[in-house]
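Below: the structure, in C-alpha cells.
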Amino acid sequence: MARIGIFLVLLSLACSLTLCICDDESNYGGDEGKLSPSFYSISCPKAEEIVRSVVAQAVARETRMAASLMRLHFHDCFVQGCDGSLLLDTSGSIVTEKSSNPNSNSARGFDVVDQIKAALESQCPGIVSCADALTLAARDSSVLTGGPNWMVPLGRRDSTSASLSGSNNNIPAPNNTFNTILSRFSNQGLDLADMVALSGSHTIGFSRCTSFRQRLYNQSGNGTPDTTLEQSYAANLRQRCPRSGGDQNLSELDINSAGKFDNSYFKNLIENMGLLNSDQVLFSSNEQSRELVKKYAEDQEEFFEQFAESMIKMGNISPLTGSSGEIRKNCRKVNS
C-alpha cells in the first residue's frame with residue numbers, strides 16, 4: 001500500500017504544478033479546456049463528497065452496483081470518449097447506446113447516476129456534468145470495494161449525441177480474440193498494460209450465461225468446450241449455464257471474491273479459471289500479457305498502482321471541454 005500512497009502523492013503534486021505530467025495528449029490541468037482535479041473547487045466544492053455519498057449508499061444496498069458503475073464508465077469512454085453519451089435515452093434524432101449488443105439487458109446503474117445527478121443539481125445547479133459524475137462514481141466504486149483511490153481530473157462536458165454503431169463496434173466483446181481486444185484498446189490510445197490492468201476490474205461483479213456459454217459447449221464451432229477452462233470450474237459453471245435457456249443467469253467474474261476489489265482475478269487466470277474468454281486470453285494467448293498477469297497475481301500493490309494510472313488515462317479519452325458539449329440537467333436527455 002505504501003507504493004500506492006507514494007504514487008497518489010506524486011500525482012497530486014504533479015497536477016498542482018504548471019508544468020505537470022498532464023501534457024497535451026492527456027488533456028488535463030488547471031487551464032480552461034483542460035481537466036483538473038480541482039475543477040469544481042470553487043463552483044461546487046462538495047461535488048466529490050456528494051457523489052461518494054450516493055455511491056456508498058447504492059453499494060451498501062447491493063455490492064454488485066460497484067462493478068455496474070465501473071462498467072458504465074468503461075462503456076461510455078470507448079464510444080465518443082468520456083462524454084456521458086451512454087446515459088442518453090432515445091429521443092428525437094438520438095438513438096440510445098443502451099440498446100447496443102454490449103449494453104442491452106446488461107448495462108445497469110443508470111438509476112444511481114440519476115440519483116447522483118439529482119443530488120448535484122440540488123447543491124450546484126448546472127455545474128457538474130454527467131460525464132464527470134460517472135467518472136467519479138467509477139473511482140468511488142473501486143475505493144468502496146477495497147480497491148485503489150486516485151485523484152480524478154475533472155472538467156468534462158456532456159455530449160449532445162450518442163453512437164449506437166460506435167457502441168457495437170468499439171467495445172470489446174466477451175468472446176473476442178486477444179488481438180481483437182488489444183486492437184480495440186489501442187484504438188482508444190490504451191496500451192497492453194492498460195488493457196491487462198483495466199481487465200482486472202473483473203475482480204468484482206458478475207456476468208450473464210450468454211456471455212460465456214460458448215466456452216462451455218461450443219468454443220470453436222465444432223461442439224466442443226474451451227480446453228483452456230479448468231474442468232471442475234467448467235462443470236460448476238454448466239450447472240448455472242445450460243446449453244440452452246438461462247441466458248440471464250449470473251456467475252461471478254471472480255469466483256473467490258466477487259465483492260472485493262483485489263488481485264485474485266489474476267490468480268484465477270493462472271489456474272485457467274477466468275470466466276470470460278476475454279479474461280482467459282490475457283494469460284493463454286500472449287507472452288507479454290501473461291507476464292503482466294503473473295506480476296499482478298504476485299503483487300497486488302503493482303496492480304493497484306497500474307489500475308489507478310490506467311483509469312486516469314481511460315478517463316481522458318477525448319473529453320469535451322471548454323464550450324464543447326453542454327452540462328445536462330438530466331443525464332438521460334440533452335437540454336432543450
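Cβ atoms here come from the backbone N, Cα and C positions, even for glycine.
Nobody curates TrEMBL annotations by hand; they come from automatic prediction.
Bear in mind that the values here come from a model prediction, so they are computed numbers and not experimental data.
Annotation source TrEMBL lists active site, proton acceptor at His75. According to TrEMBL, the Ca(2+) 1 binding site annotation covers Asp76, Val79, Gly81, Asp83, Ser85, Glu97. Marked as substrate binding site by TrEMBL: Pro172. The heme b binding site annotation in TrEMBL covers His202. Taken from TrEMBL, the feature Ca(2+) 2 binding site covers Thr203, Asp254, Asp262. Look at TrEMBL and you will find Cys44-Cys124, Cys77-Cys82, Cys130-Cys331, Cys209-Cys241 tagged as disulfide bond. Summarising the annotation, TrEMBL assigns domain 'Plant heme peroxidase family profile' to 34-335. Feature annotation from TrEMBL assigns signal peptide to 1-20. Per TrEMBL, the feature site 'Transition state stabilizer' maps to Arg71.
Structural mapping of features recorded in TrEMBL.
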| residue | record | Cβ within 10 Å |
| --- | --- | --- |
| Arg71 | site 'Transition state stabilizer' | 23 |
| His75 | active site, proton acceptor | 21 |
| Cys82 | disulfide bond | 28 |
| Glu97 | Ca(2+) 1 binding site | 28 |
| Cys130 | disulfide bond | 30 |
| Pro172 | substrate binding site | 20 |
| Thr203 | Ca(2+) 2 binding site | 30 |
| Cys241 | disulfide bond | 24 |
| Asp254 | Ca(2+) 2 binding site | 27 |
| Cys331 | disulfide bond | 22 |
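The recorded positions close to Cys331 (disulfide bond), defined as a CA atom within 10 A of its CA, are Ser85 out of Gly81, Ser85, Cys124. Cα separation, Asp254 (Ca(2+) 2 binding site) to Val79 (Ca(2+) 1 binding site), rounded: 26 Å. The Cβ centroid of Asp76, Val79, Gly81, Asp83, Ser85, Glu97 marks the Ca(2+) 1 site; residues of that chain outside this set whose Cβ lies within 8 Å of it are His75, Cys77, Phe78, Gln80, Cys82, Gly84, Leu86, Ser159, Ala162, Ser163, Gly166, Ser167, given in sequence order. Non-local contacts of Ser85 (Ca(2+) 1 binding site) by the CB criterion (under 8 A, 6+ apart in sequence, same chain) comprise Asp76, Val79, Glu97, Ser159, Ser161, Ala162, Ser163. When the recorded positions His75, Asp83, Cys130 are compared by Cα distance to Asp262 (Ca(2+) 2 binding site), the shortest distance belongs to His75. For Asp83 (Ca(2+) 1 binding site), the Cβ neighbour count at a 10 Å cut-off comes to 28, with all displayed protein chains included. Residues within less than 8 Å, Cβ to Cβ, of Cys44 (disulfide bond) and separated from it by at least 6 positions along the same chain comprise Leu120, Gln123, Cys124, Ile127, Val128. Within 10 Å of the Cα of Cys130 (disulfide bond), the following recorded positions from the list His75, Asp83, Pro172, Thr203 place their own Cα: Asp83. Distance noted between the C-alpha atoms of Asp83 (Ca(2+) 1 binding site) and Cys209 (disulfide bond) is 30 Å. Rounded to a whole number, the distance between the Cα atoms of the residue listed as 'heme b binding site' and Cys241 (disulfide bond) is 19 Å.
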